[in-house]
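Participant: Got a structure here, written out as structure tokens. Questions coming.
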Amino acid sequence: MANTGDEDIMSIRKDKYRDEKDGKVRLERQVSLLGGISIIVGSMIGSGIFASPTGILRVTQSVGMSLIVWVVCGILSLFGALCYAELGTMIPKSGGEYPYLFDTYGPPVGFLYAWVSTILRGPSSISIIAITFAEYAVQPLYPEEECVAPTFVLKAVACVGVMFLILVNCVSVKGATNVQVFFTAAKLLALAIIIVTGFVKLGQGNNEYLDPRKSFKGSSSNIFAYGIAFYQGFWAYDGWNLLNYVTEELVNPYRNLPLGIFIGTSLVTIVYLLTNIAYFAVLSPTQMLSTSAVAVAFANRTLVPMAWIIPLLVCCSAIGAANGTLFGAARLINVAGREGHTLQVLSMVHITYKTPQPAIIFTGALAIAMVIPNDFDTLVNYFSFSSWIFYGLTVLAVIILRLRFPEWKRPIKIPLVLPITFTIISVYLVIAPMIAYPEFGYLYASIFILAGLLLYYPLVHKEYSPKIIDHVTIFFQQLLQVTSSYYVSPEEDEQDMQELTVFSKVPSTLSRRAEG
């Protein structure tokens, strides 16, 4: 009888620790520091470094200025990441920008961000990367320049890639992070091959285009045009904020969030700079401008017998970036759903796997359904335009919250010069491209963002919910075996662990009392 009593008490404590609360579950802390760094590096290093150098060079019109743009993009990404580190340790919730915008500016702005990210930013980013993956994956089947892969083949391969990622992310958080670690290693190997090969060429005297006396000749004098160059560069760096999307699943977030952000962003900045130097040690500006697949052109001129390895590793790079983006985008939708800003079913978590399955499937399905324009540069520009509006508002929140709530706990407190600088640059990046290249696309993007308010008023503010939504929620809840989720702070997690440890040490005492 004594043993049974001990077991009952321990069972109660373990049930509480597993967060079974009124039929709800929550996301568990399973992402380590290494997993966090892999999420950042694996998401940042995607298709951008293999495609964006051409776009940046086209706008800056010189090798020297293009390298400066790459460095400045890295520094500003680090500034933004450090600002997010303060916000993420002060408001330790998943969902990236969403909880920071919600707590700073109120539900309407939080809803607008969730609206844009749920329908446009997350799925479109995954689609762009998936198409890049498909282009490199089918290259062995269509090796000749005159033999172009059919569109339906590209889209079929891209869809298969996204479906694979949906399956992995639905089944296991650790499985998804292990996939991220593997593909991160593969893409770092690809860049290491490029860097080593390029620097060997530099050692052989191939530094004509990197000579500072010549590399800045012909640089563009249009300061507003550089906004487009920064869009291309920041597209390659996109993902520096992704660890903030999984804060609730990060082990020891007060330590690992800022540490993972700093290590990951700094590593990518160094790798990107070295990679671009390697490119220009082999390719002339004219050769680079004549191709969008810079890495393949590089390999064809330097790794002739083994040139196939670069396209293979670029495939790994792209699929890893898509995995990280899907991982983060689903968490945003899950957190927004908890606040009533998306369908209730999208806030639910699988009762066994503890993964946000409905949000993962929804994001992946949208990514598969999207039609990707052929113009890579244009798509990136409009994607970046909408992103930088919210990046700027999020970093400005650091300053606003310092003034409004100085008493809030801030495990990381950065110098105010960082958010001020980043906010000013954000304003420039939103306005400059519209001045340099006025196009209706920016107007359409703005209308799409504001259109979210038409949905916010009836669905959120007035809490109008058609009865059919309840039936849809119940259907998918039973089909996917998911239930509502809730938030647990790092302090509550630590307290649960301490209590569980205490109870694990007292069975013998309880037994003696029962026997007495």
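Yeah, the Cβs are placed from backbone N, Cα and C, and that goes for glycine too.
From TrEMBL, for reference:
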- 31-51: transmembrane segment (TRANSMEM)
- 63-85: transmembrane segment (TRANSMEM)
- 152-175: transmembrane segment (TRANSMEM)
- 181-200: transmembrane segment (TRANSMEM)
- 221-237: transmembrane segment (TRANSMEM)
- 257-274: transmembrane segment (TRANSMEM)
- 306-330: transmembrane segment (TRANSMEM)
- 351-373: transmembrane segment (TRANSMEM)
- 385-404: transmembrane segment (TRANSMEM)
- 416-436: transmembrane segment (TRANSMEM)
- 442-460: transmembrane segment (TRANSMEM)
Participant: Do the transmembrane segment (63-85) and the transmembrane segment (385-404) share at least 3 Cβ pairs closer than 8 Å, excluding pairs fewer than 6 residues apart in sequence?
Facilitator: yes
Participant: If contact means at least 3 Cβ pairs within less than 8 Å, sequence distance 6 or more, would you call the transmembrane segment (385-404) and the transmembrane segment (416-436) in contact?
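Facilitator: They do touch: at least three Cβ pairs between the two stretches lie under 8 Å.
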Participant: Among 31-51, 152-175, 257-274, 416-436, which stretch has the most Cβ pairs under 8 Å to the transmembrane segment (306-330)?
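Facilitator: Ranking 31-51, 152-175, 257-274, 416-436 by Cβ pairs under 8 Å to the transmembrane segment (306-330) puts 31-51 first.
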Participant: For the transmembrane segment (152-175), I need the partner stretch with the highest count of C-beta pairs below 8 angstroms, choosing only from 181-200, 257-274, 351-373.
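Facilitator: When the Cβ pairs under 8 Å are tallied, 351-373 comes out ahead.
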Participant: Counting Cβ pairs under 8 Å to the transmembrane segment (181-200), which of 31-51, 221-237, 257-274, 351-373 comes out on top?
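Facilitator: Looking only at 31-51, 221-237, 257-274, 351-373, the most contacts with the transmembrane segment (181-200) come from 31-51.
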Participant: If contact means at least 3 Cβ pairs within less than 8 Å, sequence distance 6 or more, would you call the transmembrane segment (31-51) and the transmembrane segment (257-274) in contact?
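Facilitator: Yes, the stretches contact each other.
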Participant: If we skip the immediate neighbours and take only residues 6+ beyond the ends of the transmembrane segment (351-373), which ones have a Cβ under 8 Å from one of its Cβ atoms?
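Facilitator: Answer is 25-28, 118-119, 122-124, 126-128, 130-131, 159, 162-163, 165-166, 169-173, 326, 329-331, 333-334, 337, 345, 379, 476, 480-483, 485.
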